[in-house]
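Everything below concerns the one structure shown next.
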Amino acid sequence: LQTRLQAGQGYGNTLNCVLTVYRNESVTGFFKGMSFPLASVAVYSSVVFGVFSNTQRLLGQLRHGDPPGAPVLTDVALASMVAGFISVGIGTPVDLVKIRLQMQTQPYAQENIKLKPTVSGFPVYRGPIHCFRTVLQKEGIAGIYRGAGAMLLRDVPGYCLYFIPYTFFCDWITPDGCISPNPSSICLAGGIAGAISWGTATPMDVVKSRLQADGVYLNKYKGTLDCILQSYQNEGLKVFFRGITVNAVRGFPMSSAMFLGYELSLRAMKRDQTETNP
């Protein structure tokens with residue numbers, strides 16, 4: 001839904017998008033492009049959270065020595081920025097394949113744009129591997145990383161607004177005297193952080209989606225700035241907030257589960273280390 005709303009044509013709102021996708025493509029339309037992200041989400045999440053926690057630990061050691069002290073706001077912010085920067089290297093190709101698969105059957109009713117020699121409305125890619133290989137052969141590494149600039153502008157501030165609110169809300173919700181937050185506090189803080197992060201990241205998410213969808217049948221945008229200017233000139237400021245409801249709503253449960261898994265994994269590893277080295 002998010003991709004269709006941001007880069008597609010003819011969807012008035014979220015409900016209209018749901019009904020249109022279901023009417024034209026049935027239930028399977030909601031799961032297009034899912035296999036590639038599903039196969040890579042474990043690696044992506046482990047890298048992002050691993051980079052964040054290790055960077056934060058390193059900054060704490062540099063500041064306080066060994067063992068590191070409690071992280072301060074600047075440490076969390078710097079670690080978030082590093083995690084956001086690293087995430088682009090993994091996330092851009094995955095998002096590109098997902099968006100190309102989701103958008104390859106979308107109609108383009110635009111004049112004076114030279115289409116590629118492919119009939120719009122019919123599948124171009126047979127699956128994620130075929131999509132990745134086709135883009136790599138025709139467009140090279142630059143094609144695989146199309147939209148990386150927009151994703152960088154989305155993820156670097158986006159992860160700051162992900163980890164910082166989580167740290168703040170965890171500290172605020174956790175009762176005094178407790179060493180670590182309980183699972184319910186983690187879920188609530190993680191959900192709020194996810195909704196904030198995804199909601200505020202929506203404008204650059206729209207730009208990224210449009211850049212990555214652009215190229216299935218046509219090449220409309222020359223780059224991030226050109227995409228921003230054309231989108232604004234053609235559809236106004238509201239275009240940058242397409243899909244904000246979907247982003248915020250999905251961000252809550254997704255981030256709750258993500259942070260809960262992260263915190264429980266950290267506790268399990270610390271417990272194992274304590275038992276191994278008493």
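Including glycine, each Cβ sits where the backbone N, Cα and C put it.
Model, not experiment: these values are computed from the prediction.
Per-residue confidence over the repeat 'Solcar' (1-58) averages out at a pLDDT of 74. Under the heading repeat 'Solcar', TrEMBL lists 1-58 (among others).
Residues or ranges marked as transmembrane segment by TrEMBL: 33-52 (among others).
The repeat 'Solcar' annotation in TrEMBL covers 71-172 (among others).
The annotation transmembrane segment is assigned in TrEMBL to 72-94 (among others). Same-chain residues lying 6 or more positions outside the transmembrane segment (72-94) and placing a CB less than 8 Å from one of its CB atoms are 36-37, 40, 43-44, 47-49, 51-53, 55-56, 59-60, 63, 132, 144-148, 151-152, 155-160, 162-164, 167.
Across the range of the repeat 'Solcar' (181-268), the DSSP-based residue counts are 73 helix, 0 strand, 15 coil. What TrEMBL records for 181-268 (among others) is repeat 'Solcar'.
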The repeat 'Solcar' (71-172), counted residue by residue under DSSP: helix, strand, coil: 73 helix, 0 strand, 29 coil
